[in-house]
Amino acid sequence: MLGLNKKDATLLIVVAALTLCAPFILNPFPTGSAMAQFNAGYPDLMQRFIIFGIFAIGFNILFGLTGYLSFGHAAFLGVGSYSAVWIFKLFTYNVIPAITLSVVVAAIFSLFIGFVSLRRSGIYFSILTLAFAQMSFALAYSVLSNPKFNLTNGETGLQVYADDPQWFHRDSLPDLPHLFGLSMRSTYSLELGAWRFDFNAGYYLCAVILMIVFYLAIRIFRSPFGMMLRAVKSNQQRMNYTGLNTRPYTLAAFVISGMYAGLAGGLMAAMDPLAGAERMQWTASGEVVLMTILGGTGTLIGPVLGAGFIKYFENIFSKINDTVLHNWFAFLPDGIEDFVVFIVHPFIGKGWHLTLGLLFMLVVIFLPGGLVEGGQRIGRLLKGKKKAPDSEDPEHHPKETPHVAE
Amino acid sequence: MGILDVKNVNKNFGGLKALSNVNLSVRENTVHAIIGPNGAGKSTLLNCLVGKLIPDTGSVMFDGKSVLGRSPYEINQMGISRVFQTPEIFGDLTVMENMMIPIFARRDGAFRMHAYESVANESGIIERAEQVLEDMNMADKRHMHAAAMSRGDKRRLEIGMCLSQEPRLLLLDEPTAGMARADTNNTIDLLKQIKEERDITIAIIEHDMHVVFSLADRITVLAQGTPLVEDDPQNIKGNPKVREAYLGESA
C-alpha cells in the first residue's frame, strides 16, 4: 500500500486510526466522574499531542538516524510560529499560507544553522546548536523588538491586533485562524449518556498533517537516503572511504528535521495565533530530546508516543492538587491519610517534573530502546508462550542493538 | 609508468621525517607489497595515497591524475578502495546493507537525495550485493548485524565491500594484523582468488612475511621513511640490505 511493505502499512493504519479516534480514546471517563480529570480528550491538549508528535518525528530523523544530537531544535519551532503569525497579521487568517511559510522559513534557517553546526560532530555539534538556539531566543526576546524594528514583540509575544493590515481578510471570514472559512476553534460536541466527546476542526487539521508527515518519515526511513543516514551514525570513516560525502547527507537530514519543527511551530500558531520567545528557549529544545529518547530513538512510532506521554504528564499530572489527593485517600484513617498525601504531594501538581524525571530514569536504565522496546518486550513475552523456543534462530534473527545506550 | 606513481614524496611531523624522497610505482594488474620494520612510514605513505594526509612535497598520481588535495571520498570515486587495519564496517547495519552502500556510492556518486524511493525496489543494487556476498561465501550471513560477526568475517565483508565497487586499485593496510593463523590463511586464499579472477591492482602493506611472499609480484622495502629496495620477491629474500633493516647489524 502506498509503496510501503505490510508492516509499515499496518503501522500507518494504526496511527491513522488512533489519531482519528483520539477524541473517543482519550475521553474514557464520563464527564463529572471523579476520574474525569484523567480525560485528555479536550481540543487544546489533543492538538498539543499531535503538534509535539510532529516535532519529535522530525527530530528523530536527525537524531535517530544520524545520531547528531541537536539541542537547538526549538529555534526552528519558534521561527515557524513567528512566520505564521506574520502571515496572519499582514495577509490572511487562512492557515495554509501561514503553515507553508513557516516550513519554508524554518528550512532556510536550519540550512544556515546546520551548515555551520555540522562542521563539528558529537558534543561540539550539540553545543553549537544550543548556542544558536539561545542566540535566536535572545534575538526574539529583546533585540528584534525595539520600537524602530519590531519583528517579535519581545516579552509580550507576537499577536494579531485589530489595526493590523490583513490585506486579504474579508468580513465574512472568521476572525480567527481558519481553513477556507472553517474556524480552527470550531468544535462539535457529541453527548453520549454521561460521556462527552469533542471533535475540533483544528485537531483534525493537525491529525491529517501528522498522517502525511508520518508517512513521509516512513518513506525516508526505508529509502536509500535513510540507509545512508544510518551509515553516518554507524561509521563515518567507512563512508568517506566508500566514496560518500557525509556532509550533504547530514545537512539534508538537519534541514528536513528543521522543516518538521517549523511545521509544528506553524501549526501551533494556527491553533492559537500567538508566538512567544519562550518557545525557542533551551528547555523547549531539551523537551523534544526527552520525548524522542523516552519513546524510542530511531524507531518510527517512538517519538509520537514519547510526545504524547510527556504532554499528558504536563497537562494532567500538573492538575492534581492536595484536595484531589485527600479525596482519593479519604478511606484511610485521618493520620495516615495526611501522611500519604504528604508523601505523594511532591510528585503532583507543580512537582510533575519530578515524576517525569523518575520515569525517564527508569526508562533509560531499564528500557534503553524507550517505550517501544517496552512494547516489544511485552509482545515477545506474549508470543514466547505460544511459540516453541526452537523457532528462534540466533543467526538469522540477531538481537537488535539498542539505539541509545551506545 | 604505473597505475599509481609516487614521486619524491616528503612528509614531516614536526622534526620527525616520516617520509623522505619516496618513489614508488605500482604497475597495473600486479600485487605490490610495501614492507618495512615498525616506524618505517608505511602507514604514513598509505595515508598520503588516500587523502587523509597531504605530503609536504612531491606528487601522487593515480591513472595520470593527481590525488593530492582531494578528500577521501573523491579519491574513492576515482577508483581507489581502501581496507583498514581494523575492519571498518557499518556495525549497526546488516551485512546486506553494508554491501549495498558501496554499490549505491558507485552508482549514485558522493551524494544523492533519494529520500522517497524504497530500498526494497532497488533490484539492481540488491542483485549485485547478493552476487558479491555469494562470491565472498557470506550469503548465509546477509541478515546478520555486521558487528556480531567474527573478526575474520568482518575482514571478508570489508574486502567484499571494496570489491563490489570494482576499484582499479585496492589498498590493503595490514589485512591480517591481529588475526589467528586460520583467519590469516583464509584471507590469503581470498586475496589469491581475487588476484586470479579479476583485473585488479592491489597494493598491500604488511608485516607478516608469510602473507607477503604468498601474494606479492613486486615488493618495496621501506626503512626510516625511505625506500630501500624495490624488486621481485625472490630477490628480496636474500638481499643483505633488507636483512639488515629488519634484523639489525648483527644479522
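Cβ from N, Cα, C; glycine included.
When TrEMBL is compared with the stretches A:45-63, A:64-82, the one noted as transmembrane segment is A:45-63. If you look at the transmembrane segment (A:94-116), the same-chain residues 6 or more away from its ends with a CB under 8 A from one of its CBs are 72, 75-77, 79-81, 83-88, 128-129, 132, 168, 173, 177-180, 184, 205, 209, 250-251, 254-255, 257-259, 261-263, 265-267, 269-270. Against the transmembrane segment (A:201-221), the recorded stretches A:45-63, A:123-144, A:248-268, A:288-313 differ in Cβ pairs under 8 Å, and the greatest number is found for A:45-63.
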